[in-house]
Every structure is written in C-alpha cells, then in structure tokens.
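*Asks:* Before I ask anything, let me first share the structure, which is written out below as structure tokens.
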Amino acid sequence: MIEIRNLTKIYDGTAAVDDVSLTVEKGQIAALVGTSGSGKTTLLRMINRLVEPTHGQVLIDGEDTQDIAPHLLRRRIGYAIQGHGLFPHHSVARNIGTVPKLLGWKPEAIRARVDELLELFQLDPAAFRDRMPQELSGGQQQRVGVARALAARPDLLLMDEPFGALDPVIRAKAQHDLRDIQRQLGTTLILVTHDMEEAVTLGDRIAVMDKGRLVQYAPPAEVLTAPATPFVRDLVGQAERPFRLLSLTPASAVARAGQADGAPIPRTASLRDALAECLWSGRDAVPVEGGGIVTLAALRAEAAPTARAAE
Amino acid sequence: MRLDRPGLLFALIGLAGLILPFAEFKPNRILAGEGATLAAALPLGVALLFALAAMFAMGVFRLPAILRLTAALAALLAVLLAIGAAARHLTPEGDTLARVSPASGFWLLLLALVLMLADAVARLRPGLMLRGLLLAGAVAAAWFLLASGALDQVSTLREYSVRREVFLREARAHLLLAFGSLGLALLVGLPIGMLLYGARRLRGPVLSVLNILQTIPSLALFGIMIPIFSWIAATVPGAAQAGVSGIGVFPALVALFLYSLLPVVSNTLTGLDGVSPSTRDAAMGLGLTRPQLLGWVLIPLALPVLLAAVRIVLVQNIGLAVIAGLIGGGGFGTFVFQGLNQTAMDLVLLGALPTIALTLVAGIAMDLVVEGTARRRQEA
C-alpha cells in the first residue's frame, strides 16, 4: 500500500505539486492524469525520490521513503518511462538484468530471471536475449523497458507515459498486456498519462491533477459521471463521455435472454464494442458468445449517468 | 576513356616536380646550392623521368583503384631510392663537406605521389583492419628504408649520423612533451568536464577562460610564463627542486597542457550531453548511484567523443611541442631552431620531418581507434 501524505514540491516559489494526499491499495492501478504542467510527473518522481519533496511524506507499506537511501529505494521500485530509456550499449539481457545486478544477484539467477521475463512479455529468449535495443521495434523496446522495471520483482511499479511513443494499434495491445501482467503479478502500479482514454482503460482509480493540485481521486465511472470540477469535465470530454462509460462494462454484465441475428461478440468485449457493432451492422441487438443478447435500449440506459447513479 | 579529375591534378603537380630541380648540390651544409634535374642527378635519371611521366599520364584516366595504388607505391619507392642514389652520385668521392639535399622537384613529386596514394586508398574503401595493416606496413617500410642505408648520403641523414644520440634523446623528450601534456590534460580535463556537465551555470565562464587560453599565441604564452615561473622558482621554497623553472621542460609542459584543456573539457561535455535524457533518467530511476551512472552509462556512451578529443590533443601537441625547442624544453624543435640559427635547412628538416611523420601516424592511428569504437557502438 502506498500512502502519499500532503506531498508538496515548490520550484522558485510556485508549487508544482501542492499538498497532494492519496492512497493506492496493494495490487491496484492508479492513473495520474492531467494536462502537461499539471504536476503529475513531478508527483510520480517524488515517490522514488528522483525529485525530493519540499513537504510531505510517502509511505510504502508504512515505511517512510525518507528513511531509505534514494538509490536503495529506487532498486525496490520499478520504473519505466516514455521512450523506454534502454541503455543503447547494453544487450536486451543486460538491460533487463540491471537492477538484479545492482542488488548483487548471482549471474545464473539473473539469466533465469531475464528469460522468465522475456517469456512473460512474449519475446523468445533465444532470439532476443543478445539483441541490442536499436535492433528492436518500438513495441518490443517498450516491452523490454517494462520487463527491466519488473526484473527485481518490485511490489510497486511507476510508469511515466509508458505507451506515449507507440502507435495506436500497438498501444492498445501493450495496455492490455500490461493489465494482464499486473493482475498476474499483483504489482501495485502508479501510471502517469495525459490520455483520459488510457486512464479509463487501465486505472482502478483515476487521480486528476490540475495546476499541482489533486482535484479528484475516484474510480473511472465516478470521474466520468460525477466530475468534481469543470476542469475534470473538460478533460473527460463531453463528446466522449458516454462511450468511455460504456467501455468500462463488459458485454456479459448486461446480457439478458433473447434472440438476435448475426455474429456474436466475445464475452469480454465492452459495451462500447457492442454499440459499435449495433451501429455498424444496423442491428437493434447483438448476441454475446455463450448466450444472451445486448440491446440498444440496454446500451442507452448504461450510457447515461442517471442510470449509473441509480445502481 | 573518361578523364579522372584528381588524377589530372596529381599529374600537373608531378609534371612540375619532374621539371624543377630534383636534388641540390651544396659545397658545404650552409652554402647555397646548385640544382640538378632528375635527368642529371643520377645515372638512369632519364629513364626514371620517362617512367614517372608515363605513370602520371596513366593516372589521368579512370583506371581501377588497385592499379593506381600499385603504380603510386612503386613510383614512391623509386623516387625515394632515387634521392638516395642522387646523393651518392652527386657527392664527389671522399668529399665529407659536400651535401646533397632534396630540392623542390623531389618534394613536389613526393606530394603528388602521396596524394595519389591517399586517393587510391580512399577509393578502395578498405576496412578498419586493412587500414590498420596499411598504416603498420607504411611505418615498417619507412623504417626499413631508413635502416637499409640507401638514403644515408642524403643531407638530412648526414646531419642525423653525427647526432644519433642527441636525436634519440630529443625524440624521447618530444614524445614525453606530447603524451605527458595529453595525460595531464585528461587527468584534469575529464573531471572538469564531468563537473560542468552537472553544473550548467559554471559552463559559460569556464569555457570562456579555456577559449581565451586557446587563442594566446604559443610564443606569447611562453613569454608570459618565463617571468612567472622564474619568480615562483626563486621565491617559493621547494618549487625549484620540484622542477619549476622559467625555461626548460616545465613551462613547455604547462603550455601544452593549457592548450589541451579546451578540447578535452568541451569534448567531455559534448559526449556527456549526447547521452539521451531518457537513458539518464531511466538509469537514475533504476537505482544507479552517481559513480555507477558515470561508469556504466555516461562514459561508455561518450567514449567515441572522448577519444576524438584525445586525437585532437595528440596531433595538436606533437606539432606544438616543436616550439618547446625555443625555451630549452627539448624535443625535435631543438633541431629546427638550431638549424634556423645556423641557416642549415638540412638540420631544420631533421627536426621537422620526424614531427610530421609522428603527427600523421598518431592522427591516422587515432582515427582508426575512434572509428572502431563508434562502429562497435553502432553494431553493438
């Protein structure tokens, strides 16, 4: 569990981060979202003390991070950034093995861990171990960057715009894979993004930052349906709101008995996918794999905030 | 057949070389000499003249580079042997005062052939390994030619033969000046560069000071240092014992060191600045300590630029070290300035030619090293 208490960073008299407090439960994903200059990256970097706070505390499982030497603290916390930051002169294996090596693991243990992580990220160890970063595609580099961050089995992973440099198709898959791996490992994840879509897709809770202050910290549905300030409402985007809301619920959750024509959609598909399918094929309802249908009427009800509030 | 423009240029230079006097006969080492053309300078001179003319004419056309290379190499060897033969031929039997030196024609031929050779090598695009071998081969060949005695009658080698011991001593002094100042500059300049990398505000002032140092003419710098170091040696206890003095090796080393600081410091900065911020940020975020950041990431990535600084400094200092001869610092400059005082050009050349050769070898060797590390980085 990560507790951030009254964290403040003042640069030249102005607060980049202003008295922010929030708690991330173990195994949860918190997405820090805001415009550029909102202080979200500074907040993230204060957690592993790449930026030293002016006031306030960060507690990891109750332990104050100020009590740990910065470099030792950072070896316990995974860190992955936009543009991956891989060492261009080290092989993939050496990059991934960086933190284990710093921690003094035995070479065999490092090698085994590197292979295990490459498998986890769907990169064939035999083919990728000895490659150099610039021989990889953008998506592969990003995966190696995240694998490196996870190498020493940290309980906490910090990510700063990790998918920012990827094209949309690869990004969607990378987000999905990250979510799977995070669930599998039970790692607590704090992620900075400027993309509300990404925050809604990945976050268990979304922290919206504006001018250094935390303006809302809530589950995605609440941020979408009950924005705390006009700024949050703008960030969510009025035109996008219903679709983002629909994207939070899987089709199986609202499927009810009935008959509909056409190819079924997967159970894990979101209501947004169901709506897209209805509109595109001109149907009033689509079947869901394994039984049941989703109707346009049900979708309409789900996409309105009043319906949500009634739940 | 199409014309080759560089070949045309080499042919023109070569033609001038064939027309101008090849060797110069002087009754003694300081009297003005009398030129002898290639045809007159040695027994088979006319044959060699036509052979060289034919070779240059052939170079005007586009021929395979390997052919040009072989032709230029053979011609170079012939010209070098010819000057040795001319010296033997023109010196009257038993006359130990007479001197035969290379004249303008010889130097122009040498220039034309070396250019042709360099051009041919460049066109062949040899790999790093092959270029290294070529360099080693050239050094070995030059060594062999000098050791064989074929050139012993040429004036500059006559000067050498009476100064063998001094020559070796000054060669060592020259290398000490050039490499010693390089070592000092690295020892001081690398840490300054790393410090400036972290302290942006200090960059401007420090680099300006180094820039100003760089613009002081070397003679003026020696002039400034003579009174300063003499005073220090005279007044600070122990300074004179430690080697501080107004003239000699100490001020020469200090001057070369000062000239070396700017390239070392600025290249260190450039190299470190070239490391991408995200790589640096990731390294810090993973928990590298500052020394680890430098040793694992920053220095290895900046290495090609750092080595480029070593190349610049080495080449610069081998040349500049000649000036040390003026203030008793030793080195090949000793011969240059002695020669100038005595108006004995052969003695000047005894200092100048090894300096040029050393500079060329050091420059090419360092180029190979820089390229080697940069290429491994790319492949790596």
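Placement of Cβ uses the backbone N, Cα and C atoms for every residue, glycine included.
TrEMBL lists these features:
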type	residues	note
DOMAIN	B:171-366	domain 'ABC transmembrane type-1'
TRANSMEM	B:35-58	transmembrane segment
TRANSMEM	B:65-85	transmembrane segment
TRANSMEM	B:105-121	transmembrane segment
TRANSMEM	B:133-151	transmembrane segment
TRANSMEM	B:171-197	transmembrane segment
TRANSMEM	B:209-233	transmembrane segment
TRANSMEM	B:239-262	transmembrane segment
TRANSMEM	B:293-314	transmembrane segment
TRANSMEM	B:320-340	transmembrane segment
TRANSMEM	B:347-366	transmembrane segment
*Asks:* Are there residues at least six beyond either end of the transmembrane segment (B:347-366) with Cβ under 8 Å to its Cβ atoms? List them, or say none.
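*Replies:* Distant contacts of the transmembrane segment (B:347-366): 29, 101, 131, 135, 139, 142, 156, 159-160, 163, 167, 170-171, 174-175, 178, 307, 310-311, 314-315, 318-319, 321-322, 325, 332-340.
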*Asks:* By Cβ distance under 8 Å, which residues at least 6 away from the ends of the transmembrane segment (B:239-262) in the same chain are close to it?
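*Replies:* Same-chain contacts beyond the ends: 173, 176-178, 180-182, 184-185, 188-189, 192, 207, 210-211, 213-214, 218, 221-222, 225-230, 232-233, 313, 316-317, 320-321, 323-324, 327-331.
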*Asks:* What stretch of B:35-58, B:65-85, B:133-151, B:209-233, B:293-314 shows the most Cβ pairs under 8 Å to the transmembrane segment (B:105-121)?
*Replies:* B:65-85
*Asks:* Go through B:35-58, B:133-151, B:171-197, B:209-233 and flag the stretch with the largest number of C-beta pairs under 8 Å relative to the transmembrane segment (B:65-85).
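*Replies:* Most Cβ pairs under 8 Å with the transmembrane segment (B:65-85) come from B:35-58.
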*Asks:* Using a cut-off of under 8 Å between C-beta atoms, tell me which stretch among B:35-58, B:133-151, B:171-197, B:209-233 contacts the transmembrane segment (B:293-314) the most.
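*Replies:* Going through each listed stretch, the top one turns out to be B:171-197.
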*Asks:* Please give the sequence-distant neighbours of the transmembrane segment (B:35-58): residues at least 6 beyond its ends with Cβ less than 8 Å from one of its Cβ atoms.
*Replies:* 10-11, 14-15, 18-25, 71-72, 74-75, 78-79, 82, 85-86, 89-90, 103-105, 109, 112
